[in-house]
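Since the structure comes first, as structure tokens, the remarks are kept for the end.
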Amino acid sequence: MAKLGVNIDHVATIRQARGGVEPDPVAAAAIAEFAGADGITVHLREDRRHIQDRDLRLLRQTVKTKLNLEMAATDEMVGIALSVKPDMCTLVPERRQELTTEGGLDVRVGMQALADAIGRLQDGGIVVSLFIDPDADQVKASSKVGADYIEIHTGTFAEAREWKKEQAELERIENAIKLGTKLGLGINAGHGLNYTNVRKVAALGGIEEFNIGHSIISRAVFTGLDRAVRDMVDLVKYA
């Protein structure tokens, strides 16, 4: 049975739009856990556009399930992670001009630097995942640099508007799951998943945890966060 990690970045996005103190992502995390989330995910970006350092430190004190920190593999972020000690760090690519993470890491570029960052985090007792496209070369490279997990980027699947394209992406995801499992990697997935499409990916099997944020926060505007999380839990766990 797959788990659900709720990404609460966009609670902070709303807060930062007015430069105030609400809505509070720490309170959102508590509600999400109460509603059945298996973990909380936040992305501390280098430009601090939504989640702030203070949020991360408070979440480490309050999250009762699992805290997953998405971050770039920079010296600054590795240092913060080693100080805060999230349960997992998911290393992601990051560009200042992007609205959201647009694709997976190219693990093959700068493998030694990435391996060094992974080693430092693991030496600090932190499980490390790499956010990658469903590509065999990226899966193999993730294993070579010593990652514990991969998180498969499902954005291309989610954006597919034709049945043939969707099926092709599902096949790529399934192949990445099988290869990652064969190589001893844990498998997570996320990006662009919503209440309409998540079951198609969950039905493939082999995915330990889905990290979903935008669609849950969007639904929460109309239904409340508790209901939005419970609805997604049902889809992920009982696909």
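Cβ atoms are placed via backbone N, Cα and C, with glycine included.
Copied from Swiss-Prot, the annotated features are:
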ACT_SITE  His43  active site, proton acceptor
ACT_SITE  Glu70  active site, proton acceptor
ACT_SITE  His191  active site, proton donor
BINDING   Asn7, Arg18, Gly192, Gly213, His214  3-amino-2-oxopropyl phosphate binding site
BINDING   Asp9, His10, Arg45, His50, Thr100  1-deoxy-D-xylulose 5-phosphate binding site
SITE      Glu151  site 'Transition state stabilizer'
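If you check the recorded positions His43, Arg45, His50, Glu151 against Asn7 (3-amino-2-oxopropyl phosphate binding site), the ones with a Cα inside 10 Å of its Cα are His43.
Using a 10 Å Cβ-Cβ cutoff, Glu70 (active site, proton acceptor) registers 26 neighbours. A helical conformation is recorded for Asp9 (1-deoxy-D-xylulose 5-phosphate binding site) in the three-state DSSP classification. Take the recorded positions His191, His214: by the count of other Cβ atoms within 10 Å of each Cβ, the lowest one is His214.
Rounded to a whole number, the C-alpha distance linking Arg18 (3-amino-2-oxopropyl phosphate binding site) with His191 (active site, proton donor) is 26 angstrom. When the recorded positions Glu70, Glu151, His191, Gly192, His214 are screened for a C-alpha within 10 angstroms of the C-alpha of His10 (1-deoxy-D-xylulose 5-phosphate binding site), the residues that qualify, in sequence order, are His214. Among the recorded positions His43, Arg45, His50, His191, Gly213, His214, the ones whose Cα sits within 10 Å of the Cα of Glu70 (active site, proton acceptor) are His43, Arg45, in sequence order. Over all protein chains present, the Cβ of Arg45 (1-deoxy-D-xylulose 5-phosphate binding site) has 19 other Cβ atoms lying within 10 Å. Cα of Gly192 (3-amino-2-oxopropyl phosphate binding site) to Cα of Glu151 (site 'Transition state stabilizer'): a distance of 13 Å. For Asn7 (3-amino-2-oxopropyl phosphate binding site), other Cβ atoms within 10 Å of its Cβ number 24.
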